[in-house]
Amino acid sequence: MVSTQEKIEKDKFFRDLYLLDSLDDDSPESEVETPIRLAAKAKRQPDQTLDAVQHERAKQITTRGKVGERRPETVPSTVSAVDHTLKKAKVPLPVDAPKKKALPEKRKRAPSTDRELRRRDSEPALTAKSAPSRARRLKTSPSIVVDSAVQTTKRSSEKRKHVTDLSNIKQRKHQLGSKKLPPVPIGEQMLKGLLFYFVPNNDICQARRFRIHKAIQYGAAWANEWCNGITHIIVCDNLDVHEASKEFACKEIPRGPTLVNVNWLIECFSRRAVCDTHWNRFQVSGSEALKETNKEQQQHQSKPLIEHEDSIDKHAVDEETPEGLEANAAECALLDAETESEDELDNAIRDVRSLGSLSIDPSFDDGAKSPGDEPPVDQEPAPFHGDGKARKENAGFMCMEKHDGGKGDNPNEQTIVKLLKMADYYSATGDQWRTRAYRQAVAALRKERRLIRTKQEALTVRGIGDRLAEKIQEIVSIGKLQRLDNAEADPRDKILRLFMGIYHVGFPTASRWIAEGHRTLEDLYQKADLNRNQRIGIEHYEDFQQRIPRAEVAQHAAIVKKALRAADTEAQMIIGGSYRRGSADCGDIDILIFKKDAGLDQIRALMMETVIPELTAQGFLKVALATTHHQDSGSKWHGASALPGSKTWRRLDLLFVPWAELGAALIYFTGNDYFNRSLRLHASRKQMRLNQHGLYADVMRGQGRERITQGRLLEGHDEKRIFEILGVTYRPPEHRNP
DNA sequence: GCCG
DNA sequence: CAGTACG
DNA sequence: CGGCCGTTACTG
């Protein structure tokens, strides 16, 4: 009840916000915009523009018609004045609002300390025509239109249905290829010549279908039935040897072909190369039992980032791994090596040439898959799953568990996708806590191997409470979530997301702008008062919104590396962020800069006085967005870079790291964010604190959480030691993807 | 949103 | 200081 | 009901 009321209140708040502010904003500017120009734009602007801009989160707007039918009521006269004004500005009011005249005070209160300006759920508050028509008008500047390939996606549930055999797959491949998948260049058909047999050998499961499809894209062939010439038997569903053998007529797994689990295929995709099949993590459980020894160690060290086999060996030599990190030295070496040396640079360049234009994994975004987020985990070889007791101990600390983002056949995939969309929606709503809850619920679901059907089943999962349980049941039973449909059809969110997509624009600013009557990026650019960063953010909206192919990240890094080495032959760097976690594409480029035994001052001086000026002069660095201005403080440089000859700016973050803090900095800069938060929360529960500088103990906190004592530094340099002290099993970067 |  | 950003 | 990462770092 309370919550309902609360929602109503919020709702009211929002309506009032729009209405009142629109009134307030009844300034001349509202009418400045020439209708003619706008009209013209509206015409040539497909109404997908907005979607395009938010490609990542917004998915397609499913049912507008439905929403459209509501609230045909006429707007109160008080509003019509506003409406009129806005119409002149070609900016329809995003409100229905029978009760416009509402509390201005509430406006200040509702956002509260926490800017938790969440809006009520439903409230389709739009008139039938306003939604679509507005969407059309809400066009942004032409430059913002995202290539259609990105947004076409989704809507694959139907297509999938037809993918039942090779020919159909080919057909679909063709369809998709023509529509959204840039054909994989011949040179990139890394799986060419391979013939796969899956266990089970069908594409009933969504995830498996997806992989089969993808494997074919990369040149592999799928054997519908057992035949000669099969090169690999790929076991899915985390079946063990025994279970897998049942799938064969002879009840025995044929000897010839290489036997691997599906993780191998997944990694081939993400590495864009045929991975060595001998690693333990690729073995089908049961077969690996034989060589049980050293399993743990191998698990970690056997996860080198096999980007391109040929580059690994060559560059491991040029390693400059800090001695303090022997534990994962190999890994660091490889990571570092990836950007090392001229050879590597060449490789990077070559890779970019061949891969650069290939939008990475468009299929990942395909329908049931979630945007940007990795598909559900399915099969952890981990045996400790069913009991739910082990989890109890570390309740809520996902940092305790392995999350490799395994692209598994998770029965809850459909649910996960919907919930993720909801999370995105709430994120664009400014409600960080709800967003967090949804994401954590998804993380929990990803670890479930059984399909969660009912509310009761859902409730047994930690991280899922009453409300989410109901939603899950709704999703499973009727295949959709009404709330989500409503949300996605809400134009206010579209604008909100659009604005929040600008660099250095958060929810408060975006809301304010909307309240001020701005509806397009052009509005903002011309009329809103923007700071420097925001202006740049708008100018390069599309650039910054785009994902960066892994290979290009390496190339940017290679350029930085070169300049860095030129300035100081002993300086080192590691690419962090999602790159270090093994992603096929990244949102930005994160690089840690450090040097053996060097302090922050030394690193900063080196970078700020030599490297960055050099790279800027070179034309590689385009602009600094957030970086220290004082010569004697600061630890980072945020800005943008572009490859020679490329017009696309990429967000580049450099972190200056003192030698003593390398481990903590690595953890921080590797992420992902939820992993870090989980780790930090875990630390605080153990009377410690973790930040990018180190792990501290004996933290005394006064009233509130005010910290009295700095605490004593426990560890800062050794990444693995930090895990150890925290009592968390070390997890390589690839497994930090909650 | 969930959890204690 | 609030806002934004970083993982 | 309050906490949910960081006394994180940078901007204006």
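Keep in mind that glycine also has a Cβ here, set from the backbone N, Cα and C atoms.
In TrEMBL this protein carries:
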ACT_SITE  A:Lys471  active site, nucleophile
COMPBIAS  A:97-123  compositional bias 'Basic and acidic residues'
DOMAIN    A:186-272  domain 'BRCT'
REGION    A:42-181  region 'Disordered'
REGION    A:291-312  region 'Disordered'
REGION    A:359-391  region 'Disordered'
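According to DSSP, the secondary structure content of the domain 'BRCT' (A:186-272) in residues is 30 helix, 15 strand, 42 coil. The average pLDDT the prediction assigns to the domain 'BRCT' (A:186-272) is 80. DSSP assigns A:Lys471 (active site, nucleophile) to a helical segment in the three-state reduction.
Of all the Cβ atoms in the protein chains shown, 23 others lie within 10 Å of the Cβ of the residue listed as 'active site, nucleophile'.
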